[in-house]
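Colleague: Structure below; questions to follow.
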Amino acid sequence: MLHVLRGLFYTGFCIVLVVMLVVFNRVNAQVSMPVINTEKSRLAEGTQTAALAWHSSSPWTDAVTRGALDTFERFDIDVIAITDAQYDPVKQLADLESINALRPSFVLSLSVDSVSTASGYRQLLEAGTKLVLLSNPILSIQEHKHFAGLISVNTQAMGRSAAQLIDRAVVHTGNVGVIFHEADYYVTNQRDKAFLDALKTYQDITVVAKKGFVQEQDTSAVTMAMLLKQPNIDAIYVSWEKAAEGVIEALRMMGRDNVKVVSHDLGVSTLLDMAQGGNMYAVVSDRPYDVGTAMAMRAINSQRGITNPLLKPIEYDLVTKDNLEAVWPLAFRSNLPRALQCVLSHKEVCE
Amino acid sequence: MKRNTLLLSLGPLLRKKEWFVYYLLVVMTLIFSALLHDSGFFSSANFINIMRQTAPVMVMALGLSFALSVRHIDVSIGAVVALSAVVCGLLLREVHMIFAILGALSVGLFAGVINGLLIEYLKTSSLLVTLGTMSIMIGIARSISGLESIPITNEHFIMLFGSELFMGIPTSLYWVAILALVAWLIVHCLTLGRHLLAVGKSPENALQLTISPVKVRMLALVMCSLFAAFAGLLYAARMQSARYALGEFDLLNVFIAVAIGSTQLVGNQMRVIGVICGALLIGLLNNGLILLGFTINTQLIVKGLVLVMVITLVHKELNNAK
């Protein structure tokens with residue numbers, strides 16, 4: 001009898017657990033972004049639904065999500081699932097297959113790997129879902145009638161701008177170390193290549209060291225090795241801001257406050273360093289909220305049969321300590337984080 | 001009176017701790033079916049999806065059970081998956097499919113033998129040795145793949161190991177069934193199975209029974225790596241590509257599957273069906289939580305809670321049994 005009661009207790013525990021987590025998830029969702037309607041799917045009659053299948057979670061992805069959610073909300077389209085593949089193509093494929101069970105009208109996604117995940121996207125397209133991809137193209141599905149398009153940031157111009165910022169950082173003359181993304185990832189590879197190509201046009205700037213990384217946490221060790229071999233480096237370019245955190249950490253440990261860092265995208269930690277006059281000199285940032293809006297609009301227009309919508313190209317900004325406060329709201333459509341406000345307002349203690 | 005008889009007859013069933021994973025599977029299915037009644041969760045297509053997604057984890061978990069049954073922990077299985085898939089992908093470009101498959105399985109065989117030799121003859125910790133070999137194999141996989149995904153276009157290979165349907169069921173599931181049967185036969189019908197459990201229970205007693213614990217443990221490690229290499233084939237066919245990072249993220253899920261499916265993690269036991277159901281439960285949770293609209297953070301919390309709940313229950317039962 002005791003065991004029966006114990007069995008019933010654990011069954012009850014499971015039910016309470018799931019109910020609590022549903023509530024927790026909704027409260028959590030309300031704090032960060034609009035409510036995800038989990039009740040409706042395209043299986044429900046006549047309802048237009050959308051799902052977002054991202055590569056990872058970050059403030060940048062959150063801003064893209066907010067842009068998409070706000071746009072879908074304006075058109076009365078319910079967002080029924082948001083997934084995060086954590087840079088794992090296997091998980092992204094599973095996410096896409098699970099999303100397919102909900103039969104959404106639209107899917108917005110950034111592919112982790114254009115080869116491994118292609119079959120998952122193909123399944124969605126075959127089921128009649130309109131698909132919009134971000135940045136990383138998948139050639140094998142682009143001709144499908146339900147493929148609504150690829151929204152891409154201007155990687156060439158962003159790479160060129162990063163070279164321009166390096167030029168400013170070293171005041172037109174100096175030695176540069178490059179820490180580039182070595183894994184096969186279209187958008188970062190394109191940006192890094194554009195940067196290196198553009199840097200060749202600056203005759204008094206020399207690339208004295210070039211090292212690749214695969215995982216963000218490797219950049220600290222890479223920076224240390226690079227500076228031990230080439231102590232005369234004046235500035236370092238690194239592929240994106242999260243990877244730049246490791247570079248700054250290494251520079252601090254080595255006491256190299258004369259080395260300036262240039263990167264891409266906005267992140268609170270690196271921007272704090274920039275605001276405090278640390279190693280972080282500047283970043284090039286696109287506008288993720290606008291990216292989300294553009295993706296959602298592309299999907300909706302595709303449904304309406306508008307194949308060549310007149311969308312504005314995604315803008316980008318060159319961000320330094322001087323314009324950081326103005327650029328953040330443009331990029332994220334949210335207030336500057338409190339920690340950055342405190343540093344920029346020069347308040348010793350921020351209440 | 002009738003009700004009391006029913007409860008009394010259910011009592012011994014519910015008391016069996018090894019059945020807990022089945023109860024949990026049924027309860028979770030019922031909960032998700034109720035919560036997701038209008039979203040396609042309770043459909044054959046979705047269940048096939050779950051099985052298809054979980055197939056490589058099931059195979060890895062079965063393999064790991066061999067190593068754990070003799071009290072060895074093999075954390076290199078994720079790297080074996082990646083390396084065998086990459087080797088298979090590269091060989092498929094050059095040679096006949098059969099040789100590519102054999103090449104991939106050789107990776108597993110080789111890794112198992114090396115792990116076994118280092119652990120058994122140098123008397124070193126299995127955890128530390130497999131951490132080292134994991135790093136070596138990841139490095140090799142990255143190096144020979146050039147950090148790029150290797151596309152696999154061989155239709156026969158994809159059909160044989162991938163997600164193609166044969167009589168309405170993905171081919172990868174037939175392989176899971178075959179490998180589960182092989183594992184079950186080894187454990188329950190072959191002398192090797194009895195030796196595995198004897199060595200896992202007490203190597204000293206095994207010696208008295210004229211069993212060589214070293215050989216048995218080495219065989220267990222080879223089986224573990226071979227199963228992981230097979231999971232690499234399933235992944236390569238499912239993804240229609242081979243990537244250096246395949247299997248890298250699966251270690252936690254594989255350990256959870258074995259922990260849920262077995263009543264004790266290491267030594268003296270191996271429960272084939274339980275482990276399969278443990279892996280299935282992970283797949284079910286992943287799928288159901290996505291369909292419920294849960295964030296990745298909440299999904300991780302739920303998985304952790306389920307694991308803690310199961311372990312707590314099993315430990316309690318074990319303590320009671322003492």
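Yeah, the Cβs are placed from backbone N, Cα and C, and that goes for glycine too.
Heads up, TrEMBL stuff is auto-annotated, nobody curated it.
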Colleague: According to TrEMBL, which listed range is transmembrane segment: B:126-144, B:145-163?
Modeller: B:126-144
Colleague: With the transmembrane segment (B:98-119) as the reference, find which of B:20-37, B:49-68, B:75-92, B:218-236, B:272-294 contributes the most Cβ pairs under 8 Å.
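Modeller: Top-ranked stretch among B:20-37, B:49-68, B:75-92, B:218-236, B:272-294: B:218-236.
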Colleague: Taking the transmembrane segment (B:75-92) as the reference, which of B:49-68, B:126-144, B:173-197, B:272-294 gives the largest number of Cβ pairs under 8 angstroms?
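Modeller: Most Cβ pairs under 8 Å with the transmembrane segment (B:75-92) come from B:126-144.
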Colleague: Should the transmembrane segment (B:20-37) and the transmembrane segment (B:272-294) be scored as in contact, given a threshold of at least 3 Cβ pairs under 8 Å and pairs 6 or more apart?
Modeller: yes
Colleague: Cβ under 8 Å to the transmembrane segment (B:49-68), counting only same-chain residues 6 or more beyond its ends: which ones?
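Modeller: Tertiary neighbours of the transmembrane segment (B:49-68) are 74, 77-78, 81, 126, 163, 170, 172-173, 175-176, 179-180, 183, 196, 220-221, 223-228, 230-232, 234-235, 238, 247, 250, 253-255, 257-258, 261-262, 265-267, 270-272, 275-276, 278-280, 282-284, 286-287.
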Colleague: When each of B:126-144, B:173-197, B:218-236 is checked against the transmembrane segment (B:272-294) for Cβ pairs under 8 Å, which one has the most?
Modeller: B:173-197
Colleague: Using a Cβ cut-off under 8 Å, which residues of the same chain at least 6 positions beyond either end of the transmembrane segment (B:218-236) come close to it?
Modeller: 55-57, 59-60, 62-64, 66-67, 69-70, 72, 74, 76-78, 80-85, 88-89, 101, 104-105, 107-109, 111-113, 115-117, 119-120, 126, 152, 157, 161-162, 172, 175, 179, 183, 186, 192, 196, 242, 246-247
